[in-house]
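What TrEMBL annotates here:
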| type | residues | note |
| --- | --- | --- |
| BINDING | Lys76, Gln97, Lys100, Gly151, Ser380 | substrate binding site |
| ACT_SITE | Lys112 | active site, proton donor |
| SITE | Asp152 | site 'Important for catalysis' |
| BINDING | Thr195, Asn227 | NAD(+) binding site |
Amino acid sequence: MSNLAAEPEFEQAVHEISSTIEPFLAAHPEYRKAFEVVQIPERIIQFRVTWERDDGSVAVNRAFRVQFNSALGPYKGGLRLHPTVNLSVLKFLGFEQIFKNALTGLSMGGGKGGSDFDPKGKSDNEIRRFCYAFMLELSRHIGADTDIPAGDIGTGGREIGFMFGAYKKYQNEFAGILTGKGDDWGGSFIRPEATGYGLVYYVTEMLRDLDNTDWVGKRVLISGSGNVAQFAALKVIELGGHVLSFSDSTGALIATDGVGFTPADIAAIADVKLRRQALTAFQHDGRFEWHEGQRPWTLFESADVALPSATQNEVSEDEAKALVAAGVRYVAEGSNMGCTQEAIDVFEATRKQCTSEGETAGVTWYAPGKAANCGGVAVSGLEMGQNSQRLKWSHQEVDAKLKDIMITCYTNCRETGKTYVRDSAIPSLVSGANIAGFVKVAKAMLDQGDWWISGK
Ligand code: GLU
């Protein structure tokens, strides 16, 4: 795999899965055909979005929706609005989404979309005009039983509101065609919190299984400062941990007092983000250290947990080595493909050193995003369920279901890892996640005639 590849991010995602499902394919070679078929999206829609800037000039962007796989249910996945968006990025995200959605246990296929539109520095009116223009085309291709987009980087509650309003006007239909909607108009409680909370619930299981411990007193490094990072941090604090870092694309903000950020700090950071400002706009009277152009991973001599929650490839091989050297025991991705393949190899090598039961010294246990961050799309699935029933469940009901889904997902990854990969006393959660997700999707595709086994 080289960066000269035409679709480097997509090829990286395919490589990560193909290298880890090999033990399953070796035992079931007939499934190799399914892996070939599943790599090709069922459909890709590409379109142009023209919208009007506040000064009256015309702006134009590229937009896409990758309808990757509908074996388990209608296409489901977020919309990313970021200048780095291109087809390689959306194909990687859509591909990951297929297996992530399978791991939630809900009936959802995989898709992803977005645009190279940059929300930074745009006024609310510009955002609204972009969302309406974007939905003008997208509305022809989605539907409550066809494809249900949601938020991702750059698309939050405000953007979902504008897009929902646009769809309703174009189609004259109030339907569950997006998730992440407002509380009073079809949204689910806990959807904004779900990815971050779910990540923490997943790691809670890892903490218990590896060290028979919990979050109390744990030093936690978080990257990013958006929706996932904020709610993961709030849950960590609620459970007794210390959040020692946040970051954005311009640098890292770290706490050196060992106590870390408070819920009030996080509320202030959320406010800064909502105004589409950089993390440097957060006023903290010098209580935290700013490291320009850095990510948090190399800035600590010791820590317990790392939760990459910004974007893809945000942990390099050297940064992975720094986390291992700092004694970090757990790495779980709130972002999609947060770790490079080289970083995953560093973590997995520490796991493979543990060949006898109970010998876990030196391990940095790694959980991939498609498992650890599936809580967001899981509550999107619960939002779809509530929309179909025209009902609304309480906070407690949704939170309990989210917890249950994360525990089941973790157990599935752990047990599948144990079954197929016997290279260590500690299961590979990345192999377990990939095999469990792939097998479920491949079986549904087999049932539906997307591939078949000759002579059977
Ligand atoms: N963008 C989120 C993800 O990466 C959520 C998608 C959704 O809720 O459909 O899983």
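Count begins at 1; order follows the chain as displayed.
Note: Cβ is positioned from N, Cα and C throughout, glycine not excepted.
The structure displayed is predicted, hence computed values, not measured ones.
Long-range neighbours of Ser380 (substrate binding site) (same chain, six or more residues apart, CB within less than 8 Å of its CB): Lys76, Met108, Ile148, Ala150, Thr179, Gly180, Ser188, Arg191, Ala194.
Among the recorded positions Lys112, Asp152, Asn227, the residues whose Cβ lies under 6 Å from any atom of ligand 1 are, in sequence order, Asp152. Looking only at other Cβ atoms within 10 Å, the busiest spot among the recorded positions Lys76, Lys100, Lys112 turns out to be Lys112.
Other than Lys76, Gln97, Lys100, Gly151, Ser380, the residues of this chain whose Cβ falls within 8 Å of the Cβ centroid of the substrate site are, in sequence order, Gly77, Gly78, Asn101, Met108, Gly110, Lys112, Ala150, Thr179, Gly376, Val377. Between Lys100 (substrate binding site) and Thr195 (NAD(+) binding site), the C-alpha separation comes to 12 Å. In terms of Cα distance, the recorded positions that sit within 10 Å of Asp152 (site 'Important for catalysis') are Lys112, Asn227, chosen from Gln97, Lys112, Asn227. Sequence-distant neighbours of Gln97 (substrate binding site) (same chain, six or more apart, CB under 8 Å from its CB) are Phe68, Lys76, Gly77, Gly110, Gly111, Lys112, Lys370, Val377, listed in sequence order.
In the three-state DSSP scheme, Gly151 (substrate binding site) falls into the coil class. Residues listed for substrate, Lys76, Gln97, Lys100, Gly151, Ser380, cover a largest CA to CA span of 15 Å. DSSP classifies Lys76 (substrate binding site) as strand under the three-state reduction. Every protein chain considered, the tally of other Cβ atoms within 10 Å of the Cβ of Thr195 (NAD(+) binding site) stands at 29.
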